[in-house]
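*Asks:* Positions annotated as domain 'Glycine transporter' by TrEMBL: A:7-80, A:94-166. Taken from TrEMBL, the feature transmembrane segment applies to A:6-24, A:31-53, A:65-83, A:90-112, A:118-139, A:151-169, A:175-196.
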Amino acid sequence: MTQLFYLADLFGVAVFAITGALMAGRKSMDLFGVLVIAVITALGGGTLRDLILDNHPVSWIRDDTYIAVATLTAVGTVLWVRLTRPIHETGLLIADAFGLAVFTVIGTEVAMQHGVPLSTAVIMGVMTGVAGGVMRDVICNEIPLIFKKEIYATACIAGALVFIALRLLETPHWLDTGIAMATVLGIRLAAIRWHFSLPRFHLLDRD
Amino acid sequence: MTQLFYLADLFGVAVFAITGALMAGRKSMDLFGVLVIAVITALGGGTLRDLILDNHPVSWIRDDTYIAVATLTAVGTVLWVRLTRPIHETGLLIADAFGLAVFTVIGTEVAMQHGVPLSTAVIMGVMTGVAGGVMRDVICNEIPLIFKKEIYATACIAGALVFIALRLLETPHWLDTGIAMATVLGIRLAAIRWHFSLPRFHLLDRD
Amino acid sequence: MTQLFYLADLFGVAVFAITGALMAGRKSMDLFGVLVIAVITALGGGTLRDLILDNHPVSWIRDDTYIAVATLTAVGTVLWVRLTRPIHETGLLIADAFGLAVFTVIGTEVAMQHGVPLSTAVIMGVMTGVAGGVMRDVICNEIPLIFKKEIYATACIAGALVFIALRLLETPHWLDTGIAMATVLGIRLAAIRWHFSLPRFHLLDRD
């Protein structure tokens with residue numbers, strides 16, 4: 001089970017690294033820029049969570065598999081695109097939803113292990129899931145997409161709440177994890193399929 | 001006294017959350033984006049200070065009142081604006097100056113308790129006061145306003161210096177705090193009233 | 001030797017502060033903005049490294065010489081430009097390459113002292129060298145230059161690898177440091193002289 005979770009975590013890292021590399025390509029960065037943006041997208045959320053929770057050593061400091069997976073995936077993405085294979089957009093969105101589900105559950109669990117208030121654990125789960133993408137967009141000089149597009153972070157919030165509820169009910173760990181991940185995945189995939197989105201807050205600029 | 005200070009701190013959180021929610025509205029973010037920007041604006045400065053000082057647990061990790069206040073204020077701001085009540089700009093600026101005064105004094109005091117050099121304590125006071133707003137502007141893809149508009153951070157510097165001087169003179173704690181906050185408030189309100197600003201540094205781009 | 005290294009470190013801080021002050025000037029910031037951008041550029045990389053490695057107290061918290069050097073250099077830069085002395089661009093690039101060399105070696109060494117995997121030590125060296133400049137560019141609303149221009153971070157990677165290799169061979173410390181710094185300097189100066197750059201990754205935006 002732990003082994004399976006570790007593999008899912010690395011899969012999440014790889015998927016997020018792909019989205020980072022593609023964004024860097026849209027900004028015509030050089031190869032180093034592609035690697036940095038890929039690594040930040042993949043590991044930024046977990047790093048911020050660990051710094052705020054004082055959870056040292058940070059995962060990728062201890063185990064360099066994380067960096068290796070992110071780097072190799074970024075290089076692979078560049079080669080794939082250069083060979084003019086198109087990116088399968090839908091496949092990427094589904095993979096991204098899976099990565100989001102894994103990261104959210106991991107983030108919520110790590111926070112609970114630190115005995116923080118439950119509302120804080122929800123925030124840590126969401127942060128782990130989305131902060132890497134926010135950093136990617138900020139560095140690439142874009143307003144973060146997740147604040148505008150279809151239900152995204154809301155799926156994380158729901159997944160974190162489900163996970164916490166099941167933990168409190170003391171259901172088996174594999175069941176908590178599975179149901180919480182399915183919640184994130186299900187909401188996110190439904191939002192992509194039917195273009196659900198939250199209401200926007202428009203404020204005219206009167207400056 | 002401590003109780004009063006805690007309430008003042010929460011008031012600062014609320015005011016900064018309003019400015020975050022309004023900026024998110026100017027960028028047409030969705031409701032989740034509004035909440036995130038509000039929380040980052042309200043708690044970003046203190047979080048950065050605590051990380052750099054290794055002051056764990058971070059305030060809002062320990063006590064979820066902070067997140068609750070920021071979130072509810074953001075939701076309230078959206079409802080208020082939606083119901084087409086205009087924002088009272090002057091009232092908001094005065095409230096913001098008050099929040100700035102509270103955060104600066106808290107930041108300076110926390111740093112002094114950690115026994116850092118006094119010049120570092122000044123920087124920590126200023127950082128606590130202004131870093132949340134800088135994060136808000138950077139994520140919303142704006143050059144931070146505080147680097148361009150009327151005397152703002154300068155008011156924090158003055159307040160932090162006054163606070164440190166009074167602590168060294170060992171005046172009573174309520175007096176230190178009160179005079180330092182009045183310093184920040186006074187300078188900031190005067191700057192707003194008469195549009196004081198620092199000289200700008202213009203450099204022609206010769207690239 | 002340690003004394004010499006400390007002086008080199010302060011020299012790196014000063015050079016990076018100059019590049020920060022100049023960027024702030026291009027954005028017409030006020031004097032406070034100039035100081036903040038200068039300090040972030042000069043100390044941001046080392047601070048991020050120390051937070052991630054849990055290496056407390058952060059250098060400039062302990063010793064306020066760093067902040068003093070960065071601040072005074074920024075003020076000096078503004079005065080120099082105001083008096084219409086042009087900036088000697090080539091001199092600045094050479095000084096910047098020297099600062100980069102010092103920061104990279106320091107970052108790699110601090111990471112190795114924390115016993116992290118060697119690949120992580122390389123990343124910490126690069127991060128110490130380049131993260132301050134990335135923060136400068138992000139806050140000033142520019143896509144970070146180092147992701148686009150001539151070989152820059154690649155020089156850091158080479159220097160960090162050389163340093164680690166020599167440490168493992170147990171050559172004298174002054175020799176490790178000297179050769180690693182010369183590697184960064186040499187590659188960077190050659191890249192400036194002959195405009196070497198990494199291949200770019202262009203991805204058409206099909207959104």
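Keep in mind that glycine also has a Cβ here, set from the backbone N, Cα and C atoms.
Automatic prediction, not curation, is the source of TrEMBL annotations.
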*Asks:* Residues sitting near the transmembrane segment (A:65-83): Cβ under 8 Å, six or more positions beyond its termini, same chain?
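*Replies:* For the transmembrane segment (A:65-83), the list is 10, 13-14, 16-18, 20-22, 25, 31, 34-35, 38-39, 42-43, 59.
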*Asks:* With Cβ-Cβ distances below 8 Å as the criterion, list the same-chain residues six or more beyond the ends of the transmembrane segment (A:118-139) that contact it, or say none.
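*Replies:* Apart from its flanks, the transmembrane segment (A:118-139) reaches 16, 19-20, 23, 37, 40-46, 48-49, 52-53, 100, 103-108, 110-112, 145-146, 152-153, 156-157, 159-161, 163-164, 184.
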*Asks:* Just give the helix, strand and coil counts over the domain 'Glycine transporter' (A:94-166), going by DSSP.
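*Replies:* Going through the domain 'Glycine transporter' (A:94-166) residue by residue, I get 59 helix, 0 strand, 14 coil.
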*Asks:* So what's the mean pLDDT when you look at the domain 'Glycine transporter' (A:94-166)?
*Replies:* 89
*Asks:* How many helix, strand and coil residues does the domain 'Glycine transporter' (A:7-80) contain under DSSP?
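*Replies:* Split into helix, strand and coil, the domain 'Glycine transporter' (A:7-80) gives 63 helix, 1 strand, 10 coil.
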*Asks:* Which residues, given as numbers and ranges, are at least 6 beyond the ends of the transmembrane segment (A:175-196) yet have a Cβ under 8 Å from it?
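*Replies:* Sequence-remote neighbours of the transmembrane segment (A:175-196) are 5, 93-94, 97-98, 100-102, 104-105, 108, 129, 150-152, 154-156, 158-160, 162-163, 166-167.
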